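One structure is given below, encoded as structure tokens.
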6 protein chains.
Amino acid sequence: MPSIASPIFRPDQRSADTLRTLRITPGYVSTAEGSVLIECGNTRVLCNATIEQGVPGWLRNSGRGWVTAEYGMLPRATLTRTARESERGKVGGRTHEIQRLIGRSLRSVVDMRALGERTIILDCDVLQADGGTRTAAITGACVALAIALGKLVAAGTLKTSPLRQMIAATSVGIVDGNVLLDLAYEEDSRATVDMNVVMLADGGLVETQATAEKDSYSRAELNQLLDLAEGGIRSLFVAQNEALARAL
Amino acid sequence: MPSIASPIFRPDQRSADTLRTLRITPGYVSTAEGSVLIECGNTRVLCNATIEQGVPGWLRNSGRGWVTAEYGMLPRATLTRTARESERGKVGGRTHEIQRLIGRSLRSVVDMRALGERTIILDCDVLQADGGTRTAAITGACVALAIALGKLVAAGTLKTSPLRQMIAATSVGIVDGNVLLDLAYEEDSRATVDMNVVMLADGGLVETQATAEKDSYSRAELNQLLDLAEGGIRSLFVAQNEALARAL
Amino acid sequence: MPSIASPIFRPDQRSADTLRTLRITPGYVSTAEGSVLIECGNTRVLCNATIEQGVPGWLRNSGRGWVTAEYGMLPRATLTRTARESERGKVGGRTHEIQRLIGRSLRSVVDMRALGERTIILDCDVLQADGGTRTAAITGACVALAIALGKLVAAGTLKTSPLRQMIAATSVGIVDGNVLLDLAYEEDSRATVDMNVVMLADGGLVETQATAEKDSYSRAELNQLLDLAEGGIRSLFVAQNEALARAL
Amino acid sequence: MPSIASPIFRPDQRSADTLRTLRITPGYVSTAEGSVLIECGNTRVLCNATIEQGVPGWLRNSGRGWVTAEYGMLPRATLTRTARESERGKVGGRTHEIQRLIGRSLRSVVDMRALGERTIILDCDVLQADGGTRTAAITGACVALAIALGKLVAAGTLKTSPLRQMIAATSVGIVDGNVLLDLAYEEDSRATVDMNVVMLADGGLVETQATAEKDSYSRAELNQLLDLAEGGIRSLFVAQNEALARAL
Amino acid sequence: MPSIASPIFRPDQRSADTLRTLRITPGYVSTAEGSVLIECGNTRVLCNATIEQGVPGWLRNSGRGWVTAEYGMLPRATLTRTARESERGKVGGRTHEIQRLIGRSLRSVVDMRALGERTIILDCDVLQADGGTRTAAITGACVALAIALGKLVAAGTLKTSPLRQMIAATSVGIVDGNVLLDLAYEEDSRATVDMNVVMLADGGLVETQATAEKDSYSRAELNQLLDLAEGGIRSLFVAQNEALARAL
Amino acid sequence: MPSIASPIFRPDQRSADTLRTLRITPGYVSTAEGSVLIECGNTRVLCNATIEQGVPGWLRNSGRGWVTAEYGMLPRATLTRTARESERGKVGGRTHEIQRLIGRSLRSVVDMRALGERTIILDCDVLQADGGTRTAAITGACVALAIALGKLVAAGTLKTSPLRQMIAATSVGIVDGNVLLDLAYEEDSRATVDMNVVMLADGGLVETQATAEKDSYSRAELNQLLDLAEGGIRSLFVAQNEALARAL
């Protein structure tokens with residue numbers, strides 16, 4: 001049975017329950033309404049929020065807004081070059097899966113009626129990938145979203161921000177029998193179980209996805225993974241709030 | 001706090017912990033190596049297994065096989081017609097997400113070295129959709145796979161079946177505060193939490209994906225959902241085995 | 001010169017002028033306005049009729065309706081797997097040719113002015129293919145169409161059905177010098193001439209397409225093929241009417 | 001009952017059984033192995049034959065060749081501009097249907113074993129369209145093919161031409177109750193029945209496709225249409241041979 | 001240093017500063033509002049102008065018109081066959097680059113306000129390619145445009161032609177150290193520098209694009225190339241005007 | 001006549017012949033063989049060089065290498081969001097034009113025989129766009145290329161670097177009658193003439209492209225633009241060399 005107490009050797013000397021070095025840089029580009037560069041160790045994701053007037057057809061005249069996400073990876077974010085999806089003429093399954101997860105997560109914290117008939121697009125582009133890009137994207141996109149909505153409030157367009165609370169995410173997994181927080185790529189590729197957890201600031205769970213890569217897992221292991229994730233995500237909320245304080 | 005004991009009213013008078021009427025018809029088409037029509041209430045999915053010589057490029061000369069899945073939905077599987085993905089010229093995000101889940105699940109029960117350099121494709125096509133199509137597809141595809149591999153053993157091509165154990169899946173969710181098993185479409189569309197669970201015959205978990213649709217969920221609720229799913233999936237294993245017995 | 005009197009050996013012991021076993025199951029799915037599973041021997045085609053408000057742009061405000069068809073083949077309808085057109089990102093030439101034929105045929109029996117500005121889409125999906133899928137699709141789609149329009153009349157939306165008469169189709173061909181009705185795949189692949197005939201209940205011809213596959217044909221042979229087809233199609237009209245009687 | 005004897009008024013004063021002015025210009029471009037501009041009245045189609053080494057995968061090492069065709073229409077071949085298929089990103093159903101017909105027709109006159117493992121591509125591009133473009137393409141492509149194969153014989157690459165005999169095609173139809181030969185666009189758009197006939201020089205039929213556009217047709221009408229087509233195609237063979245004589 | 005005075009040997013015995021034989025045939029097809037076949041030696045481009053009501057979205061209600069171009073190459077315009085862009089499902093980079101150049105050039109001579117909310121599409125299709133197809137397309141398209149606009153004036157739809165002046169283009173290059181005008185394909189493939197020049201009838205320059213293919217070039221060489229191009233383009237204006245005079 | 005002496009007002013107080021603040025950061029990502037972030041004012045382009053074994057088919061067994069480029073723009077590089085080309089399913093004309101220019105430019109400085117059968121891909125991705133992205137990409141890509149090739153030399157894989165000399169590029173234009181160096185977006189959008197110049201370190205010209213946007217230009221103006229560009233590019237060479245010195 002795995003245990004977080006056994007002696008383990010992580011590539012960067014971290015303990016099992018420690019996040020990688022985290023850096024959130026607000027205002028990375030000046031062209032977007034909200035922009036954040038989030039760095040989790042060597043993983044770097046540029047998250048830009050766009051607010052557009054209007055909503056997709058099925059919401060027209062509903063008085064409600066919409067939030068969606070797009071995810072991309074630069075060809076040399078990875079150690080061997082990945083072909084551009086624009087060149088291949090289609091968006092791949094992994095990209096679809098990730099951007100649906102990001103969109104769904106961010107929609108869960110926005111009051112669509114308070115937003116009104118506006119669409120928010122969260123572009124999450126990976127400049128460098130070292131594991132955990134989708135969870136970094138969710139954590140960074142929430143800050144970009146908060147900044148963009150904050151500007152609408154500051155401009156008097158909205159009375160209060162439609163952002164009900166912050167949301168953040170991390171990955172956890174079982175590697176060589178150890179339950180580890182915030183896997184880097186090298187760890188992720190050896191993991192027998194890989195899990196993504198998306199949590200609200202109030203502790204409510206929004207997405208939990210645990211996948212057995214090489215071996216199945218038990219209910220006990222699932223609970224250990226969730227314990228570890230919850231601890232890590234609480235640290236992410238602190239970092240998000242610091243970044244927001246700097247941005248305003 | 002939700003409870004499975006509260007009085008609930010399901011469209012088909014089922015109790016909270018009862019599966020829909022299940023029917024597994026082996027040999028639905030005679031053209032495929034393994035063919036199964038699985039019906040979970042009004043959800044009907046045709047699962048066909050194809051065994052081809054050879055593997056994708058990255059596995060060539062590795063001595064190992066590969067298992068993959070494709071998922072489709074006929075235009076009138078749904079109450080309002082859905083445009084064909086072939087006409088739109090691309091496979092959508094939902095389809096990608098589902099077929100990746102099916103493929104990953106089935107790969108977890110196949111011994112790739114015992115399979116040798118063969119590729120198994122599991123085509124899961126929804127003839128009629130009433131909720132739970134992806135979990136029905138996994139449950140049905142495993143039977144189609146077992147039949148196809150059984151033929152290879154019967155023909156003497158393989159000494160023993162590379163299928164290590166059966167795998168099955170169901171959905172659970174929270175509707176109006178009730179934790180319910182095997183949601184039909186109408187229930188699914190009202191659910192605040194929607195969860196898919198993929199489990200091995202030995203009880204090991206392979207995939208657990210819980211998504212908050214309207215409200216977040218607690219650790220306690222997650223455990224209730226898992227309890228309910230495990231009970232349902234055990235019934236699915238019984239039905240799979242009966243179908244396999246009839247097929248052989 | 002070919003003759004239907006010479007001793008011939010068909011895979012299923014049929015005589016030259018006999019149709020394969022025919023089964024028309026109305027209401028195969030409950031989601032569509034009109035649904036029919038048609039089985040001609042081992043060929044099985046699911047035909048679903050959808051009635052939508054509105055017409056394509058060039059008919060808007062004309063007071064006239066439109067009828068169109070889409071044709072698909074499940075990957076394992078065939079003995080060796082066929083790649084999905086959605087995966088290849090385009091609809092192939094054969095599919096285009098067939099769905100244009102089905103649409104044109106069905107349009108010829110609908111009074112577009114009586115239909116009003118509605119569009120009927122006939123989805124014909126081949127679950128199992130053993131020759132003659134396009135003619136089976138026409139024969140089955142006409143029943144699905146009749147059911148869907150019958151519901152509009154029953155609901156009082158239309159006063160009388162815009163379906164002027166039934167339409168049905170079969171294939172004929174010359175195999176080893178014999179003129180044969182309703183070719184199965186094995187016969188079709190050996191045929192020197194292959195012909196599709198689409199006929200109205202009143203005996204009028206709507207489409208006749210005779211293609212020399214290996215050898216050309218004479219006017220006399222063309223007339224023999226047409227004689228045989230007309231006899232077969234008259235049997236199809238009987239089966240269509242029985243199915244409709246059961247459906248109503 | 002229609003009759004070719006009734007007084008009729010064709011746009012260009014032709015009688016019912018007369019072809020439009022026909023012009024076949026060999027060597028229209030000097031870049032292709034065989035090149036022909038065929039003009040039937042205002043319909044102008046450039047037919048170029050390419051001979052390439054090698055065959056598609058399924059014919060490799062069979063010792064047999066392959067013949068295929070591609071059909072295109074310049075945007076302003078028509079009175080109102082048609083969008084380019086390259087811009088729309090896909091080849092339409094009508095194009096697919098036509099190029100399959102041309103390819104099939106030309107394959108029927110080539111001895112694939114005598115051709116050896118070579119592929120002949122017949123590019124038929126419509127510079128101006130006034131009805132009958134697909135039949136003009138077949139008639140012109142056969143001359144381009146004969147020229148290209150003649151060059152292989154002249155160069156000593158092949159001992160004799162693999163072209164077994166010439167093939168030509170025309171359209172016939174019923175307009176205002178009259179059976180007419182070689183319809184121009186204006187007539188075609190008013191026709192109740194439209195038929196394409198592809199015939200060998202020895203009188204054998206290769207393709208007969210009769211489509212009811214507004215009204216069905218009888219067996220008697222079908223025979224009248226075929227009589228008229230056969231007469232017209234015999235004139236086409238004379239013109240093909242004259243063009244070939246000029247080309248050599 | 002290159003010089004136009006050194007003895008040079010061009011494939012067709014031309015001197016360094018002579019254009020290839022030029023032929024402009026107005027009215028090549030009767031279906032388009034303006035149609036021109038331009039032949040520069042063996043390069044033949046069919047240029048058709050279409051005038052449509054309405055403008056792209058971003059110009060709606062601006063009172064201004066739009067001019068755009070599309071460029072295509074028939075598969076056997078070249079000595080070895082080029083695959084169709086419609087078959088490959090996308091328009092290639094070279095095509096994009098050329099049609100953007102043609103469109104930009106023609107827009108520079110049209111008074112968009114005088115044109116009003118109309119769109120002019122210039123389709124330039126290469127029937128045979130022997131170098132200089134893009135510059136031939138610009139020169140021919142301007143004549144087709146002038147004819148089409150002339151008809152609008154003749155019909156009283158427009159008071160005066162929105163065409164402010166003629167525009168024409170040619171290529172120049174450095175081959176074996178010689179500065180040459182109007183390169184044929186064989187010369188172009190050996191050129192170290194290749195330049196396209198687009199000029200107005202009043203001598204103003206609109207596009208100058210000089211590309212080093214194998215070796216860089218100096219400012220002095222650039223000026224020699226421009227001198228030569230200006231002389232050639234003046235001859236093109238004479239030919240354009242003669243063709244226009246014949247067309248009216 | 002334009003003059004660089006007239007009093008002008010540039011958004012950032014620059015004089016007519018001054019480049020924007022330039023910053024070249026080598027090693028921006030650690031995943032690529034050569035990586036550079038180039039910033040020209042607010043324009044930021046990430047240039048990554050990949051070296052792969054092997055060459056495209058037409059160069060196989062030639063002993064020669066190949067250099068190509070791909071260009072992309074993140075959706076929020078611009079003030080209003082631009083849709084992703086991967087989502088639209090095709091690479092647009094502007095992108096094609098730019099990446100062809102970058103590839104051609106970089107190929108002109110690489111000794112393909114010294115490179116051997118390797119392919120270098122230069123990915124240029126715009127993180128923020130404020131005019132001049134294509135010229136910034138060329139300038140930055142050359143540094144990334146030099147770093148990547150330097151590593152091959154350092155590793156002993158190549159004896160000497162196949163990079164013959166540095167290459168750099170800038171834009172110039174005429175705005176309000178003033179000839180200006182290195183246009184920012186706001187200036188570019190008002191320019192009557194826009195020119196890109198690509199130059200070698202030895203002063204040789206590789207690409208000069210001058211486009212009249214609203215008004216044509218004279219030979220005198222073209223020469224003024226070239227003078228200004230040459231001065232600016234000399235400063236770029238200094239910055240490239242400083243960055244290279246830091247990188248090694």
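The backbone N, Cα and C atoms fix where each Cβ goes, and this holds for glycine too.
Note that TrEMBL annotation is computational and uncurated.
Per TrEMBL, the feature domain 'Exoribonuclease phosphorolytic' maps to E:19-148 (among others). On the 0 to 100 pLDDT scale, the model's mean across the domain 'Exoribonuclease phosphorolytic' (E:19-148) is 95.
Sequence annotations record features per position, and here TrEMBL assigns phosphate binding site to E:R94, E:G132, E:T133, E:R134. If you draw a 10 Å sphere around the CB of E:R94 (phosphate binding site), it holds 14 other CB atoms from the protein chains shown.
Sequence annotations record features per position, and here TrEMBL assigns domain 'Exoribonuclease phosphorolytic' to E:166-230 (among others).
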Within 10 A of the CB of E:R134 (phosphate binding site), the number of other CB atoms across every chain shown is 24
Neighbourhood of E:T133 (phosphate binding site) by C-beta distance under 8 A, where only residues 6 or more apart in the same chain count: E:T43, E:V45, E:M73, E:I98, E:V126
Packing count at E:G132 (phosphate binding site) (other Cβ atoms within 10 Å of its Cβ): 26
Listed in sequence order, residues not in E:R94, E:G132, E:T133, E:R134 with Cβ within 8 Å of the centre of the phosphate site Cβ atoms: E:Y71, E:I98, E:V126, E:A129, E:G131, E:T135, E:A136, E:A137
Site extent for phosphate, whole Å (max Cα pair distance, E:R94, E:G132, E:T133, E:R134): 13
Give me the DSSP three-state residue breakdown of the domain 'Exoribonuclease phosphorolytic' (E:166-230), ordered helix, strand, coil. 18 helix, 30 strand, 17 coil
DSSP-derived structure type at E:G132 (phosphate binding site), helix or strand or else coil: coil
Structural state census, the domain 'Exoribonuclease phosphorolytic' (E:19-148) (DSSP three-state): 45 helix, 43 strand, 42 coil
